[in-house]
Amino acid sequence: MNVRSKSVGNHLVDIHEVLHEEEEDKEENSNISTMDDKPDTRFNRPTKNREIKRPPRKFSRQVSLETGFSVLNCETSKDKNERKVLGRSGKSFGGFGVNGTTGLEARNKGDFSMFRTKSTIARQTSKIPLRKESGIDLQNNNVKGGLDDHVNKSVPAGRYFDALRGPELDQVKDSEDILLPKDEKWPFLLRFPIGCFGICLGLSSQAILWRSLALSPATKFLHVPLFINFVVWLLAVGVLVAVFITYIFKCALYFEAIKREYFHPVRVNFFCAPWIVCMFLAIGAPPKTAPGLIHPAIWCVFMAPIFFLNLKIYGQWLSGGKRRLCKVANPSSHLSVIGNFVGAILAAKVGWKEPGKFLWSIGFAHYLVVFVTLYQRLPTSEALPKELHPVYSMFIATPAAASLAWGAIYDEFDGLARTCYFISLFLYLSLVVRPNFFTGFRFSVAWWSYTFPMTTVSIATIKYAEEVPSFITKGLALALSFMSTTMVCILFVSTLLHAFVWKTLFPNDLAIAITKKRYSKDKKPLMRRWTKQSPLSFVTSIGKHNSGDKECASDEEK
């Protein structure tokens, strides 16, 4: 009996332990257990089925000051003050993450995959959840899909002007946030901008200048050897090949960044620069390299991309809504106009006069519109920031290129060519007499904007000295040529030092990482408005569950 009692006692202890484990699991079904402990008074008074209500669910929300995204918490917490804090990183666009972290914290540090080149199939499969039974996985996939859509969609042109500042709208304002980390050095290709083709513009135009100095009758007294033209031309070709190959690698690996640059209101004009450089090299080739006429196929290959870009850009200027000329006009807009004049010069070199006249008329018509728009500053009626002053020299290049194109087409530097030349000369003098206008800001690739216009005016002055030979015209041609060559040499040495010695030439290209919309830091968005704008579908469903008309499906599962 004692043995049996002990066994029974042990058995009772085992049952008690099982009951204790069940009590520990009551936290998952706290609502049901609470209702069972209360006395049953359903038969004492008539009640309706709707009187039995589930306890209200706690709903809290936090809004990230950088991104405007909220962290939703529908779970019941023991501690009323316990909340999941949304981290403020200031590094990138955040969202929902794993285990209550933001999208930024969920990403590994140094992960720039959002700007990598992706195929259409990869984009579609990246949004498919790996585990459908896990709500967290569904959230993460929705977040990544939302981030990819946020990156892949084009940014409005006005957004660039609102969020950026600097010499080429390449610096983010303090009140803005970006998609990539600011305190981390990005990959080299992401830091390599399309504006680097401005270096090639300066060197290739110098090849034309030294060819003119060596062959022009107005500067024959200088006895300039053609060897200098050959060395400068080889240097320009080498730099163009290096920059072109680097940018091709960027297109192959970070095509999403290329798209951001294409939609940039300033940098879109630099997509004409590679082809302008190629035409410059064809025009300024040494006589031994191109003794006769240039083959027309070369003109067709180099001019075709510029022509199609003109159709795109000029069409947006005319009827592009946010991208019409009065909204996006900036001094870099002259690059898309200069391409027509350079193409007209090359057309005259290959013997096609009529296509040259066609291109000249298109370029001159749009130059007048751009010139008037920039003078009036229709977009803001305010002066450009100080860092944007180097691109003011683009005002000089367009009329000088127009005068050279007219002289090449009609084989005479007549009245119209001289009119365009005098306009460029006056603009040149109006900028030279204001040296403080171009000082007080750090060195960047944008400084190469000085070289190409100065060289173009120098070449036009040499042509004018041929038509009007005198001591003044020859002296002016010599002075302008010396100034442009000195500027190119100084900038070339500075570029080498900043690129290879100090390694400060290519900082993080913040312009490509801005968000599509601005999220205010001072005022949190309303929940109703936020749920309409949110790309995450499950946030809308959570809002509906907490409205009182519908009940949460998660409570029914519990």
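Cβ atoms are placed via backbone N, Cα and C, with glycine included.
As recorded in TrEMBL:
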type: COMPBIAS; residues: 35-54; note: compositional bias 'Basic and acidic residues'
type: REGION; residues: 1-60; note: region 'Disordered'
type: TRANSMEM; residues: 188-210; note: transmembrane segment
type: TRANSMEM; residues: 230-255; note: transmembrane segment
type: TRANSMEM; residues: 267-287; note: transmembrane segment
type: TRANSMEM; residues: 293-314; note: transmembrane segment
type: TRANSMEM; residues: 335-352; note: transmembrane segment
type: TRANSMEM; residues: 358-378; note: transmembrane segment
type: TRANSMEM; residues: 390-409; note: transmembrane segment
type: TRANSMEM; residues: 415-433; note: transmembrane segment
type: TRANSMEM; residues: 445-465; note: transmembrane segment
type: TRANSMEM; residues: 477-501; note: transmembrane segment
Contact set, same chain, for the transmembrane segment (293-314): CB under 8 Å, 6 or more residues outside the stretch: 268-269, 271-272, 275-276, 278-279, 282, 336, 339-340, 343, 346-347, 349-352, 355, 359, 362, 366
Ranked first among 335-352, 358-378, 390-409, 415-433 for CB pairs under 8 angstroms with the transmembrane segment (267-287): 335-352
Outside the transmembrane segment (188-210), six or more residues from its ends: residues with CB under 8 Å to it: 112, 115, 168, 170, 180, 224, 228-229, 232-233, 235-236, 239-240, 243, 246-247, 249-250, 253-254, 257, 261, 267, 270-271, 273-274, 276-277, 280-281, 283-285, 445-446, 448-449, 451-452, 455-456, 458-459, 481, 484-485, 488, 491-492, 495, 506-509, 511-512
Tertiary contacts of the transmembrane segment (415-433) (same chain, 6+ residues out, Cβ under 8 Å): 392-393, 395-400, 402-404, 406-407, 453-454, 456-457, 460-461, 463-464, 467, 480
Intrachain residues whose Cβ lies under 8 Å of the transmembrane segment (390-409), provided they are six or more past its termini: 167-168, 330-332, 334-335, 337-338, 341-342, 344-345, 347-349, 353, 356-357, 359-360, 363-364, 367, 370-371, 374, 384, 416-421, 423-424, 427-428, 431, 437-438, 446-447, 449-450, 452-454, 456-457, 459-460, 463
Residues of the parent chain within Cβ reach of the transmembrane segment (335-352), under 8 Å, 6 or more residues beyond its termini: 269-270, 272-273, 275-276, 279-280, 282-283, 293-296, 298-299, 302-303, 306-307, 309-310, 313-314, 359-360, 362-363, 366-367, 370, 394, 397-398, 401-402, 404-405, 408-409
